[in-house]
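Colleague: Attaching a single structure in structure tokens format; questions to follow.
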């Protein structure tokens, strides 16, 4: 890349050719990238469809994300609205539908930078919680964008604990209306997306009062802005909650209600109804509500965690074969940074985790589909397990994924810190997933509650769901591995994970019982064990992830080329977990000190093996350059040229800053006192 | 406004006086007084008021930063503040979480000119620098080169005919990239370039290069300069790029205190280049202190907010408790609080040690430098990694509101996180420390004694004579005694250094080249360095306890020190178990004791963050306000958001309305 002629800088002539340092990585792939891509997509036909959708989106300049990193909050919001509006047109043109197979690919191509995502939740909540009559009235209006909806649950002072929400809805029998109020500043609705500027309507969760009696939380459809001129309706105070770490394109909002009246028919009444005389009627089972949360948590794992993690790995690994720094051998050229063991040890386990979570997300989806079929047959038996799974995995995967993206960011040195690397925005976005749809610690404790219950049941011989039968299984006292190669056997490491998870769950259960028997109140005992309980829940999810990865690899026997590399990744994922959590495996002597040295040796050996296929393994994720939107991660590896050209487009270079005339010049000429 | 009732209760229940602890952190009551006096100068000065920076565009933020930088220059002079600590106090209250575009002018640019120039050069340049007649920066890093300095590509070719150097950026990778203040602010830069004279490359040298025209501030012919674009943080800073095309500077612009180029092009070699070591040690020691302060600020915000925020129920039928009463919340935050204190004491130790031996350094006695250099490299990496993760954890502990810019934690995080990279990439730093550790280990193996923080390696040879020694150790560890825990950390460090050194030897025995063997052992080597640094921190924290005279303060710091040490064990149980330093049963006790300590520290948590004594202006956080009136002020803050400037956003007229009328 010797660019001695100045002209070449602006022409960008190297763009278009592939950097030889990245090209050479692709020549030695041990497997067919195209085959792996097709397998990940679920068949070559799906790959074709995905590429067609992505191409259609990317060819349309309205959807361009090139200036994304230069935008102010106002500009981002406007762009998101513009894209969302344009997308309606586009979908109509292309014949795509909201519930068709394309939507997921559209979302992927746009990286979710789109307004009206809460509008979709608005629609979903009416479909699930509304009566047939309500559905008939509101859904057509919403799908045709005659109104824009949001979903207002969280309040300034209340998130996790729904019973604590303070917004009230008092039934007024004389006018047949509900009167909604925000009694306190902490009761203000806070955070709902699309609510700050866009929404005309929102579903508000409020404590229902009839004749002075509180009936708990219920959903109400409330109009907040005029359909004519978009001004706020009487009694409504609403606006944007201000800048955040990311999601600047979304107008997360606040909402204050002062004696806002809505007709009786606006309470969503599939399960509960207030009759004209004020009689409160409950009907049907609300268990299905749980199921909605489960759906959201499971789909979030793939859309908001696995995809960003795959992107981060793609960027960091491609950059690490282009970036050369220091020398591994004297007299040789500076080495690619991916050739350093420490760099491999940062990035390759994250790559393995991206694959592991991709597979666990499939597994959860399948489990969910099975559960859904049962529920349609009015069998709710699977609900507790589904709920526990979706909570625990949401927590474990978002937390792991966030830390993995952070590692990718930090592994790119200074350039990773530039927004143009794409990594900071991936990080700040994935980070939010640890909080929304259930704070992670709370979710892990929900899973732990389920595990403790199952453990108690299993130890008294009662039947438990298949995923937790291992809690009662008899396993060997000691890990049988004799040399480092034994640790490349999935049976060996899966069993080690199983043993470790079962031990953590049983010892926590025992501790809880001890405390209760010694006279500690149940809730106090629970609080005293929560650190351990959260750890046990994570261990359970880690075990299932390893086991599922191993089973996925086993099923690949028809594709030996892919199977081999997937096996390496599975081994790496498992051994990395043992290596980084050595204490819990060593604790009761299941793994001995000598065996831990074997784990470390095998683990480090694997890094060098996977290193050779690292670039093909990220190529297989098949992200276009526009989707990655990264100067460091593009397919052609022309990192520096792209970075240089892109930086010159920054507004700080294009607009004249008044800073010099106003401040620097007077300072340099010592006339600042005139300021 | 009244103080929030929860915080009032928390403060009343503390078992010690926070001011006394503040004095310890500041280094004496008089220094606390002076610091507050200086802070008041800024806080009460209307010239320093401005809109919340989070509501401004990047260009506007840069402009504000320049305004403040210029003002600070004038005001510091007006007040006659010249002591480095006092300048620092003044600036940090003024800047909050943010950097200033003049930062490099007063640090690297000025310092380099003071230390690497001849007397004639000093006479010419220093008045210009001190009087801010010119503004300079320090341009070392290139787009393709950071860590490996010898790989820099910028060239300075001497032309004896005109007695000038010709500067060139021969490739795109050679463009100077990242220097702060380079993009828009500076009119001069110290440029590091490969010197060519008489057809030979003489390696890297420093040159003073004018880049913008005095008076008009336009880039000079042959200079391409600009801003490198938006970053994760550092919006105030115009990190820049610089490309030079046959740009000529006079021979006198090479910094010639050490190496020289004579008019005819003859190159005169420098005597020693070890002196630059000292500056690096100094700057890295500042990062250790900065890790402590950044983590302390995040802890202050998260702990105060956790005392104000109520959620869910602990006991059926009772009101929602403060989230700080949940064990999981305490487990997230209190070890970080303990870490913040530990790092404060470590930062102070390194700073003192540097000042103690810098006299020797100037006299040419460099004997203590290698160890201090190795130690600061490792501690810089260890503390910045830990603080970085800790700030993130604090943000996570504040739930959704931690994600809002009004919490202030995002700003602390994005400003702090690059310190894992700059002034020495952390992994590279850890490997430098490891090199020193392996060297010391090799010395011990060959029968020599080593001194200083690595002297524990001397014990290794004794242990080999008495094979029972290590096993016997495990029973000896007393988990309630910090001094005994220091021994446990020492044993772990010794074991990991030894393991890494042995693995390195084994790789070498496999006919690997020295470099290959080093690379194939580097994961082990980093672990060894981490264990060494961890030991040093526990040791320094423990040593500090003895210096504290007030019993109540000593008691609470002892609890924090124990928590720091025990928590570290519980997070690294594998190392302690595998080496036989602790038994399974002891690990269980450690885990239990950590949880007991959380409950013991709980009543003092707010007082412990109050002791850091961050003024609200410096903290820049709605969640962490001293008075705890969080929700009212979040609402007030949000109302000022740019999206709220008009009641109906223009997007309605541009996009929403047309869509609705078409569908």
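Quick reminder: no glycine exception, Cβ is built from N, Cα and C everywhere.
Under the heading active site, proton acceptor, TrEMBL lists B:423. As annotated by TrEMBL, FAD binding site applies to B:141, B:180. Under the heading domain 'Acyl-coenzyme A oxidase N-terminal', TrEMBL lists B:18-135. Residues or ranges marked as domain 'Acyl-CoA oxidase/dehydrogenase middle' by TrEMBL: B:138-246. What TrEMBL records for B:277-438 is domain 'Acyl-CoA oxidase C-alpha1'. Per TrEMBL, the feature domain 'Acyl-CoA oxidase C-terminal' maps to B:482-660.
Show me how these features fit into the structure around them.
Modeller: In sequence order, B:280, B:283, B:284, B:287, B:380 are the residues of the chain that are 6 or more apart from residue B:423 (active site, proton acceptor) and have a CB within less than 8 Å of its CB.
For residue B:141 (FAD binding site), the same-chain residues 6+ apart in sequence whose C-beta sits under 8 angstroms from its C-beta are B:176, B:177, B:178, B:179. Annotation note: residue B:141 (FAD binding site) sits in a coil segment as assigned by DSSP.
Confidence over the domain 'Acyl-coenzyme A oxidase N-terminal' (B:18-135), given as mean pLDDT on the 0 to 100 scale, stands at 94.
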Colleague: When the domain 'Acyl-coenzyme A oxidase N-terminal' (B:18-135) is classified with DSSP, how many of its residues are helical, how many are strand and how many are coil?
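Modeller: In the domain 'Acyl-coenzyme A oxidase N-terminal' (B:18-135), the DSSP-based counts are 90 helix, 0 strand, 28 coil.
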Colleague: Including all protein chains shown, what's the count of other C-beta atoms within 10 A of the C-beta of residue B:180 (FAD binding site)?
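Modeller: There are 25 such Cβ atoms around residue B:180 (FAD binding site).
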Colleague: By the DSSP assignment reduced to helix, strand and coil, which category contains residue B:180 (FAD binding site)?
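Modeller: SS state of residue B:180 (FAD binding site) = coil.
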Colleague: Under 8 Å, Cβ to Cβ, against chain A: pull out the ones among the recorded positions B:141, B:180, B:423 that qualify, in sequence order.
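Modeller: Only B:141 pass the 8 Å Cβ test.
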